[in-house]
């Protein structure tokens, strides 16, 4: 009686590969279908985002035009301080509208809005000057009282400057400015402690230029801030309603809060930043970023006045115009290590 063999015939390697290929077909098809669905979803989301941005842009244009017309009418017919304060309040609303719209507005529309706002702010300042009572002419003798006017008055809770200061002459116009004269600031100073208070800074354009080994404290809410040709300086500034410009600086430490930060031709500088849009660097090296940590009495009030959203901070969202590679980090800037962020500001 012959025995029946139960052993299976040997399987050739070619047959195994064929079976493996067959088993992978459904998986490949499934993956391809998933990728197709993801692409469809991405396109759908992109269309929705474009529609939302378009609607937001239309809303911005209509709201801005309406509020601008209201402010212009208030300024044209303003015959009292109350009317001017209403115009100032509406301008703060316009500033907040611009700040909230910076992510979806085209660069041209954003620039047009900022320039229109700057013109309205200048017109408001002019109307305030016109409505101020005329001072009667009288001869005055210069004495101790006049000399003492150059000293910095210390605000409650804020340490005074080490030495009294006097505003140094400033250029009437800075190259590449935003179309308005620089109204206050410091220039051509070395190894000094310099301060300005909220009453001096409110919605004004500040220029700091050619400073060396200086500490500058700006307690308040400027409109714009420009720091140029500074070396080994420490700059502490309250919330800036629009932009901060930094150019030709080295070995500095800054604490600034703003809508946008632009840095040009600067090296070896640490920046403690609060920014609602983003920072832009160009022709720079050795720039380090960390979150904004400076504080002082009344800073909450200044943030409210500036129109900046304090809960929004893109301090580490930096564009380097000299580094276009998306898959590699720029060598020109970096995040300041946490162990190096403990700075005694005052």
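From the backbone N, Cα and C atoms, a Cβ is placed for every residue, glycine too.
The compositional bias 'Basic and acidic residues' feature in Swiss-Prot is assigned to 28-54.
Swiss-Prot lists 171-323 with the feature domain 'C-CAP/cofactor C-like'. Confidence over the domain 'C-CAP/cofactor C-like' (171-323), given as mean pLDDT on the 0 to 100 scale, stands at 89.
Positions annotated as N-acetylmethionine by Swiss-Prot, on the basis of similarity to another entry: 1.
For 80 (among others), the entry in Swiss-Prot reads phosphoserine, with the evidence type similarity to another entry. The number of other CB atoms found within 10 A of the CB of residue 80 (phosphoserine), across every protein chain shown, is 10.
For 168 (among others), the entry in Swiss-Prot reads phosphoserine, with the evidence type similarity to another entry.
The annotation region 'Disordered' is assigned in Swiss-Prot to 1-54.
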